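In what follows, a structure is listed as structure tokens, so that the remarks can point back to it.
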Amino acid sequence: MSAPAAEPQAAPSRPTIGVLALQGDVREHLAALRACGAEPVLVRRVGELEAVDGLVLPGGESTAISKLLQVFDLLDPLRARLRDGMPAFGSCAGMILLASEVLDTRPDAQHLSGIDMTVRRNAFGRQVDSFETDLDFAGLDDGPVRAVFIRAPWVERAGDGVQVLATVPDGPSRGRIVAVRQGNVLATSFHPEVTGDLRVHRMFVDIVRAAGDRAGNVHTPDVQPT
């Protein structure tokens, strides 16, 4: 008697992930998310924010993005979605925006308190102090992550519920925290979207999928990725 045929494996869900498109390196994040099997969309309006399963806050200029969040009436709705458990990923300026406390910023700058952490803006110095290094990143296989730091922040305090994923391995900034996660929210000081290494984005897409599976409401578009 032949063995019963194996049940076909269900295709992974294709979540709709927004990229906050007010300022910064939006296009690179869109491409990385698409390559990881997500459906990336631009987010500039409240209605667009409400329709996504997760959100990327890209690198750019944190105080400019902070102002634009207020101009576009996105600040409070975004805080509310984060409180409700929406997954989010912030790189560089996005890390600053996700912090609960920001040092060396403008007194009128706003932040989202998505992660219980204190972040120092421009901690590594000016544009001329930008650099690259290899990082051991917790939860990622296949060797170190090549990290590009451009006027980057670092984390000076990580709260009790915050998982430290990566620190600077050497040099004058050795031991500084540059990647963290708290629940569904992920943040990096560096720009994974510019190196072609998709592992950090895959980690975030997996976070979004898992959150959607628990809630039973992942948006899976009918269109196929291009």
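Glycine is treated like the rest: Cβ placed from N, Cα and C.
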Same-site L-glutamine binder from R27, R120, R121, R181, given that Swiss-Prot records G60, E61, S62, I150, R151 = R121
Largest inter-residue Cα distance among G60, E61, S62, R121, I150, R151 [record-listed L-glutamine binders, Å] = 13
Cα-to-Cα gap, S62 (L-glutamine binding site) vs C92 (active site, nucleophile), nearest whole Å = 8
Taking only the CA atoms, the spacing between R151 (L-glutamine binding site) and C92 (active site, nucleophile), expressed in whole angstrom, is 8
In the same chain, which residues outside the set G60, E61, S62, R121, I150, R151 have their CB within 8 A of the centroid of the CB atoms that define the L-glutamine site?
-> G59, C92, A93, I96, N122, A152, P153
